[in-house]
Amino acid sequence: MSSLKKIKIIKPDDWHLHLRDKKILKKILRYTQTFYRRAIIMPNLNKPITNCKKAIAYKRRIINASQLNTKFEPLMICYLTKETSLQELKYGFFKKIFIGAKLYPDQSTTNSKTGINKISEIFHILELMQKINMPLLIHGEDNNFDIDIYDREAKFIENTLVLLRKTFPELKIILEHITTKEAVYYIEENNSPYLAGTITPHHLMLNRNNMFIGGIQPNLYCLPILKRNIHQNALRQAISNGSTRFFLGSDSAPHLYENKINLIGCAGIFNAPSSLLCYVTVFEEMKALKYFESFCSKNGPNFYNIPINKESITLIKKPYKILEKVSVGKEFIIPFLSGEILNWSIL
Ligand code: OTD
Ligand code: ZN
Ligand code: ZN
């Protein structure tokens, strides 16, 4: 037994997570709680979290849904609209109700119907956020229908992000779930204390071919969509270089089977039961395990300027079978890599 490889790291945080609500929340929270000490809870509920009152109530529902004794802290985010009140945002940030605010381009992903159409509509909000040092989280895809779905991230950087950063050079920005070499290079080249990116396990492990192996694989449909392998390789390279500008954001986004496997299927991959084990697998493949802990547990809190966790966890190199499904009443959710075996387990 003692010859088994082990890694002990500071307990990680998930800087990008969808927990949903009610019966789904109750069923899935435990998976995140097992691996992570804190998580940023994305605000794109059916009725998005757009003010302090909604955030406080949602946070309470999450805490009440906990079935484990492990400590877990939800970090809440304000969903920006052009109506977002400056006073509310400022109050929410100073009172630590919100750790940041999220920019969704209109229609860019699940429940983003009331997102932003023109970034200049919210310049007054961004000006305030820059002033009070409040982080801006961005779903970075250009939502213009004429743009090819595979180019939306690169076009967002070119058409929106460059100008945005010129206008607000000291606004802290997290480009969420980056998927392209353009995003990797943009973050690396700028190497700015005001710019970081989160990376998901599925974009590290897969490329767009995987969506079509043996037939169409609706479980692998997510937004931003999986890209070519050159982009996947750029992401894998990025985490292997030890840059502190990249950190863990699983983007675990559960949907009931019946909503995912449908004529019009929802986007989103539920990876919470295995996300950390997927990351360690990739770091090992890249011979970059020495940077694993900073990616999981240090770069995020340092960027957000909050303390690093005190708890630790140990991962062990031992086969682990990912559960096949999570029941939710009579319905169920299929996790990422359902039923497959990974080489790493949690001790
Ligand atoms: N992408 N699905 C969802 C969110 C993410 O863009 C995202 O953050 C979701 O279902 O909430 C998805 O494919
Ligand atoms: Zn997104
Ligand atoms: Zn997300």
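Even glycines carry a Cβ here, placed using N, Cα and C.
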> K102, H177 bind Zn(2+) 2 in TrEMBL, but which of H124, H139 does that record place at the same site?
Replying inline: H139
>> Need one residue: from A55, A57, A267, the one TrEMBL lists with H18, L19, R20, N44, H139, L223, H255 for substrate.
In response: A267
> What binding-site residues among D251, H255, A267 have a C-beta sitting less than 6 Å from any atom of ligand 3?
Replying inline: D251
> To the nearest whole angstrom, what is the C-alpha distance linking A267 (substrate binding site) and K102 (Zn(2+) 1 binding site)?
Replying inline: 19
>> Can you tell me the CA-to-CA distance separating H16 (Zn(2+) 1 binding site) and H255 (substrate binding site), as a whole number of Å?
In response: 16
> K102 (Zn(2+) 1 binding site): which of the binding-site residues L19, R20, H139, H177, H255 have a C-alpha within 10 angstroms of it?
Replying inline: H139
> For the binding-site residues L19, R20, H139, which sit with their CB under 6 angstroms from an atom of ligand 2?
Replying inline: H139
> For D251 (Zn(2+) 1 binding site), which of the binding-site residues N44, H139, H177, L223 has the nearest Cα in space?
Replying inline: H177
